Amino acid sequence: MLLFSWQETAWMVIAAIVVDWIVGDPRWPTHPVIWIGRLISRLEKRLRSGEMKQQVSAPKESEESSQHIPTPQGSEQSLQHATAPRESAASEQHANATGEYATPAPAAVSHQAQAAPSDRRRQRLQGVALTVLTVGAAFSVMFAIVKLCLLIHPWLGYAVNVWFISTTIAVKGLKDAAMLVYRPLSEGNMEDARKYVGYIVGRDTTRLDEPEIVRATVETVSENTVDAFVSPIVFALLGGAPLAMLYRAANTLDSMVGYKNAKYLHFGWASARLDDVLNYIPARLTGLMIVCVCAFGKGLSAARAAKSIVTFASRHPSPNSGIPESAVAGAIGIELGGLNRYGEVVSDRARMGWPLRERSRGDIVLTIRICYGVSYLAAGGLLCAVIATMYG
């Protein structure tokens, strides 16, 4: 467990989950994910300095693939990936920094596909260097901070470890973002609902009706149950705050450079693949946990959730995101996926679940309940495991 025993680590992960329930994710400029984002930006400029000079006047293939969505919290939100709901990068469609899939312009992809092998190799090596340097720095700095605090006093080390683990998870942040959409929907204020859902997804939201706004919100919260909660606590259990921060750095890399467009198709390859690998087991664990939660949830079906995973998860372009999304769709009894617009580009997302009824704003609350249920199950399971090992 690197710096702590298994029991100590488990207690601290439980404490970190509780801290997130209570405090959430404060928008501080010292938030570690903001620093990780700044590091990524600076390393990218260093590694690709020659290319960026050549591309400075080049037109962008689409606004969606090159810009962050503005948020009420300011421009730093795109870097604070721990709290920014997003959808994972996929093999066919990669997420932008706010998390939405945008099908790249065919010309942009074909241009990269026709690039000289030496250029593709160079860009991939640059991307590998960016990935190694970023996750290595995140892990090393976090390890040094926790180790130093332990040398000063064990309880200081425990407190610092708990706090930094809590910054890598964002259950309350997901709830707050989703409720910003739910409240105006409840008041019939479609303009504000479209505005707030636009803060957490990258698709064009200006013409969305209530069922489509609900779909966007449910998809985002369900997928983020993996990378904003389950994955960080899995890595925290394996190695405390240092390994949890390594995961968060990899996840932020995917958010910032994991695009499938002319600029990042090869440069972002290593980041996207690492994120897929790190989320592989946590995503499947999340699917199982959602099924367990739905067995005790009012208005939810565990059987449909399990069947939906088996039926629909593999249709998703991501090897991981389809699992929580299909599970939630099946549990609630609605269909997710469909047509998304990104400016002039239309993306047809794989359908997940069965449309047993029309989507409604109450589905946002049900999805939040599932997300919180997963966090309760994790904390309760860890508590039982620790007590069993101590007194069993």
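For all residues, glycine too, the Cβ spot is worked out from N, Cα and C.
What TrEMBL records for 51-97 is region 'Disordered'.
Marked as compositional bias 'Polar residues' by TrEMBL: 67-81.
TrEMBL lists 128-156 (among others) with the feature transmembrane segment. Within its own chain, the transmembrane segment (128-156) is flanked in space by residues 2-3, 32, 36, 39-40, 43-44, 47, 164, 240-243, 245-246, 248-250, 252-253, 257, 267, 270-271, 274, which lie at least six positions past its ends and keep a Cβ under 8 Å from the stretch.
The transmembrane segment feature in TrEMBL is assigned to 229-250 (among others). Residues 1-4, 9-10, 12-13, 16-17, 32-33, 36, 81-82, 131, 134-135, 137-139, 141-143, 146, 160-161, 164-165, 167-171, 174, 271, 274-275, 278-279, 281-283, 285-286, 289, 371, 374-375, 378, 382 of the same chain, all 6+ positions outside the transmembrane segment (229-250), place their C-beta atoms under 8 angstroms from a C-beta of that stretch.
Listed by sequence, the residues of this chain that lie at least six past the ends of the transmembrane segment (366-391) yet keep a Cβ under 8 A from its Cβ atoms are 6-7, 10-11, 13-14, 17-18, 20-21, 171, 174-175, 178-179, 217-218, 221-222, 224-225, 229-230, 233, 237, 286, 289-290, 292-294, 296-297, 299-300, 328, 331-332. Annotation comment: TrEMBL describes 366-391 (among others) as transmembrane segment.
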